[in-house]
Amino acid sequence: MNELPQQLVNGLSMGALYGLVAIGYTMVYGIVQLINFAHGEIFMIGGFGALTTYLALPGGTPLWVAIPLMIIGGAIASVAVATAAERFAYRPLRNAPKLAPLITAIGLSIALQQLVWGFYPNAKDKRSFPEFTGEAFKITESLQIQRADLFILVLAPLCMMALGVFVSKSRSGRAMQATAQDPDTAKLMGINTDRIIVMAFAIGAAFAAVAAVAYGLERGQIGFEMGFVLGLKAFTAAVLGGIGNIYGAMVGGVVLGLAESLSIAYIEDIPGMQQLGGGAWSNVWAFVLLILVLLVRPQGLLGERVADRA
Amino acid sequence: MRHRSLLILTSVLTTGALTLTACGSRDDKGGSDNNADGGGVTVVIGVDAPLTGSLSALGQGIKNSVDLAVKTANKNKEVPGVTFKIEGLDDQAVPASGQANATKLVGNKDVLGVVGPLNSGVSQQMQGVFAAANLAQVSPANTNPALSQGDNWGKGEFKRPFPTYFRTAATDVVQGKFAAQYLFKDAGKKKVFVVDDKQTYGAGLAAIFSDEFKRLGGQVVDTDHVTVKETDFSSTADKVKASGADSVYFGGQYPEGGLLSDQIKKTGAKIPVMGGDGIYDPAFISASAEANDGDLATSIGYPVEKLDTAKKFIADYNAGGYKDPYAAYGGYSYDAGWAIIQAVKAVVAANNGKLPSDARAKVTEALGKVSFDGVTGKVSFDEFGDTTNKQLTVYKVEGGKWIDVKSDTFNQ
């Protein structure tokens, strides 16, 4: 039985998830050169916002009605927290040395995790999340696509396209590019840079909420710790693709996801590498790839093209 | 000015949250102050378990059960002149935190025994600290054989590394072999795929299981490892499906085990996943909506609900008003706490009703000799500090619940 198509689908859906979260890292970095380590927690809060919305809906609501509402509910929660974090944690430190906002971000990440752990009902254990019912789609004998995988594989490119159009065509999007290139000059041209920065945080948070809903639908559970590992992976994806570049985030995510799933499946088949294969080593191989890419292209796969970083 | 106040607000929030993570364990008031009035002595039983984090459901059950043992002892005046209290510390299942907690407990002169921890990996870092201070430790849940029988137990050289270490849980040797025998003989599975989480407990259990399964004539078709705290195991699940195995053995804990089982079933491979006591938890089944029917787990002892000795424990626990359930290790934790209380009782009785000056060493010595009927059956320790109780039960998921299918005493 040929495993390859199946592992490619696994890698793509994992990668699309990384990519959606990576957008948040890359947009914020592109504009204020801040690595927002609390973004993994913004993702987590999006998940809990979506779960709260789902629980508030009358029982028996069909999932296709519930999902758009859950995305909206999750996005409201994550955007609210992200903009509040920007306003109260990062903006006061905007002119401080670079390390201060970085440490603040780490502190914020711990704070958000513990707040959810302490105050969300029953969040000390994993909370179960609605899932698609029904069998996976069987394409061939060796390839089947889970409904949740299909959901993210369709939604992620749509989100990316919408973001691409927004950044390159809309007035606010162009203002965003201008701010990324040179905040001071942008301000002189009458752009409200504070508003643009808030917008970058908000867009990243909304994407994270979409990713969190996809994550919940696929795993059937969310938990207060879910943002930590995924946040690190998404940050890696952003660096791999070229931090500051929105398309790079998606490309980096997909490459990272494929690297992980293929290394789990195939490294151990290489003679003499049996010990270095399997799930235990997938992160190692993903980072080996990252190092190799950065050695050859320090600016990341798509590079930090200043012109359209935003 | 406005900016400064914002900055202060942020730092207060952050600090507040950081403090939150550390709270829940502030019972430092030493009992020695009470010595003056009434001649009562306070003995502290330390508890170390993951009280926060993904294993907190188990950890809280451990702490509450020891608390119940202590309250029962105080109510019955089990040891005349001695009042027991607990000091619960959180290790978050992190070895370094466990070591720090061990140091803290050793520093408190009133601590004469410690119950914990949950994780074998954490225990490795605590044993040495306790041994140096002659402080007895009774784990209700550690199952790694090396903790009591030395690193070379696999080669048949048994050497107890730390005389202060005891446990009320049976080792993985017992559990892994019992699981292999059940899966091969009772369930009739011949081709197993073995997955572990690379931790001391999971990897050890998986290795013991594999050896026994092969010895019985079964085939281990392939192995893989997963990383703790990750949630996407679909690549591993597809490998399981492609391998054509008729069953999966998972060495690890329920957060990963539950998801792995669900993701294997999602691939269309309708085969059972079996594991040790680490996956024997309701959260394994509720990990996602995917049905786990047919999955198996071994656990130490007979089902607590079915033991006559446990009925009182369950009634008292429910009456105690604890927020969290006693979970998988409640009975063993109660017995561990009670064993320490009995040891203190013996020491006090041998010293004319008073605590001797070298109480810690005496308690450790007495612990090796305790014997009583506990919640989980007869509680006593062998020459390695291991429990002499080798009863095990296989549980199976049926209709979304763990149902016991076979209980037996392991001998061999």
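Yeah, the Cβs are placed from backbone N, Cα and C, and that goes for glycine too.
For reference, TrEMBL has these:
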TRANSMEM  A:12-32  transmembrane segment
TRANSMEM  A:39-57  transmembrane segment
TRANSMEM  A:63-87  transmembrane segment
TRANSMEM  A:99-120  transmembrane segment
TRANSMEM  A:150-167  transmembrane segment
TRANSMEM  A:196-216  transmembrane segment
TRANSMEM  A:247-267  transmembrane segment
TRANSMEM  A:279-296  transmembrane segment
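By the Cβ criterion (distance under 8 Å, sequence gap of 6 or more), the transmembrane segment (A:196-216) is not counted as touching the transmembrane segment (A:279-296), fewer than 3 such pairs being found. Highest Cβ contact count with the transmembrane segment (A:247-267) among the listed stretches A:12-32, A:39-57, A:63-87, A:99-120, A:279-296 falls to A:12-32 (criterion: pairs under 8 Å). The stretch in closest packing with the transmembrane segment (A:12-32), judged by the count of Cβ pairs under 8 Å and taken from A:39-57, A:63-87, A:150-167, A:279-296, is A:150-167.
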